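Worksheet: one structure, shown below.
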Amino acid sequence: MADAPGLIPIFLLGYLLSTECAVFLDRENATKILTRPKRYNSGKLEEFVQGNLERECIEERCSFEEAREVFENTEKTTEFWKQYVDGDQCESNPCLNGGICKDDINSYECWCQAGFEGRNCELDATCSIKNGRCKQFCKNSPDNKIICSCTEGYQLAEDQKSCEPAVPFPCGRVSVAYNSKKITRAETVFSNTDYGNSTELILDDITNSTILDNLTENSEPINDFTRVVGGENAKPGQIPWQVILNGEIEAFCGGAIINEKWIVTAAHCLKPGDKIEVVAGEHNIDEKEDTEQRRNVIRTIPHHQYNATINKYSHDIALLELDKPLILNSYVTPICVANKEYTNIFLKFGSGYVSGWGKVFNKGRQASILQYLRVPLVDRATCLRSTKFSIYNNMFCAGYREGGKDSCEGDSGGPHVTEVEGTSFLTGIISWGEECAMKGKYGIYTKVSRYVNWIKEKTKLT
């Protein structure tokens, strides 16, 4: 037993030698375990890593052609290259309103959701802002895309926003060229007003005005408006939709051309049994200018709610049918009539112009040359405070508080027009007022938006 301790080291050495295959690996396998793999990329580039991409482009700087050899696909190579060259431009999420960012070299592109546009999808592209950049009418499609359209006689231009003439003499356009300085009128453009929500614009149109319209005034307003006071001489062909109505004795009212066969005017201008002659293309009523066209009226249609015995100026609008169609040219051109919504929108632009051959000052002489005048829209509260007479929902006020400029006697029935992006639309009919151009008083006009459906229905050309 004394020799037993010497056997223990021998036993342990034999055990270790017998387990060598489990402890020691060959060189190749040991290298695989001991070598730390390189984490050459942990970002978006990993999705592009294939084959020898690390050797070609990570450990060394590679060219586009070398990267192309790795991917063997131009599209994938391009996507990789955009990030490889200058980093990910989309990392800061520059696209707004749900836009999708696509990286590019030193740049990026936003793919915008429907209803938005701009470099970062920051612009509302619906009709509610600047009319969707449409030059006339705008509508939002079910998928919230803008659809621009034009009034009759126009077609969409190549940009799908502008409207260009589709006929020789489209409505609302002046085609006479002037050598003198440009004539300034009340031209307006679309602003950032919320046109998409027209509730406020037409609220007074849907107010129940039946009770008001059935009230009899204690006294009539002082004047039919048959004048433009403080205006300027129009050039020949500058207001080609303007007409003058002649009775058996003298000129007495104005009107506007709707189309070749129909004129719109004020209902209070009409007297039962009167023979009316319409003169279109007129400029100077004291001279023959060879631009005039004369037509007889064969039918008068006052609005069905007009009743002069109840109120001479409520629903003050009428249509005149001509015996022969007018020949349209640069001096005889219709005024444009939009739908109800846009007629209201155009009126709310706040600046229109009126025209006629009425008196050039209160109780003064009648104008020989056609006059025109810009008149600002007056808010309803101010309008109501300015007079003791009723201002119904089918009327509006326009003019200057300081006086001196207004429509006046002889201008009744003439057009109140708003010029939009170079095309003029009918927004009112000259109706009545107290004196002419008196301080604190305004001209009162028939609100055409209330009657556009009636106008279009009655004046269809067959």
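Any Cβ shown, glycine's included, is placed from N, Cα and C.
Swiss-Prot records a disulfide bond between Cys163 and Cys150, which is the match among Cys150, Cys171. Of the residues Asn29, Asn214, Swiss-Prot records the annotation N-linked glycosylation site for Asn214. Of the cysteines listed (Cys62, Cys90), Swiss-Prot assigns Cys62 as the disulfide partner of Cys57. When the CA atoms are compared, the recorded positions lying within 10 A of Asp104 (Ca(2+) 7 binding site) are Thr78, Glu79, out of the candidates Thr78, Glu79, Ser92, Glu282, Glu289, Asp316.
For the recorded site, Asp103 (Ca(2+) 7 binding site), the DSSP three-state label reads strand. Across the structure, Asn284 (Ca(2+) 8 binding site) and Gln89 (Ca(2+) 7 binding site) are spaced 67 Å apart at their Cα atoms. Between the listed recorded positions, namely Thr78, Ser412, the fewest other CB atoms within 10 angstroms of a CB are found at Thr78.
Compute the center of the Cβ atoms of Glu282, Asn284, Glu287, Glu289, Glu292, which mark the site for Ca(2+) 8; besides them, the chain residues with Cβ within 8 Å of that center are Gly281, His283, Ile285, Asp286, Lys288, Thr291. Comparing Cα positions, Glu282 (Ca(2+) 8 binding site) lies closest to Ser412 out of the recorded positions Glu66, Glu79, Asp316, Ser412. Among the recorded positions listed (Ser92, Asp103, Glu289, Asp316), Asp103 has its Cα nearest to the Cα of Glu69 (Ca(2+) 3 binding site). Of all the recorded positions listed (Gln89, Ser92, Asn284), Ser92 has the fewest other CB atoms within 10 A of its CB.
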